[in-house]
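Structure record follows, encoded as structure tokens.
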């Protein structure tokens, strides 16, 4: 009986949190001039390990200690967070088939 109550409570908490998230309006990020240049600068900080880090993220391949150190020390938290957001956005757009339509407008 105790297990059933725990499951019921967890389900209620999950449903309540989903309902509160559905009520929040999420606005798309506004275009910031210089942001692509900022991302390029961030990517160049780990240029020699970029491919290894990227494949580690999406293909679950191991990342060497050297590249982990570069990611943490050279890139920094702000660059890391901004790159993560950009990669996720591009991945979502690509999965939705929108990226190919936007690419000519992004690269000028």
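Each residue, glycine too, has its Cβ placed from N, Cα and C.
Per TrEMBL, domain 'Prolamin-like' is recorded for 44-87. Look at TrEMBL and you will find 1-22 tagged as signal peptide.
With helix defined as DSSP H, G or I and strand as E or B, the domain 'Prolamin-like' (44-87) counts 37 helix, 0 strand, 7 coil. Looking only at the domain 'Prolamin-like' (44-87), the predicted model's pLDDT averages out at 84.
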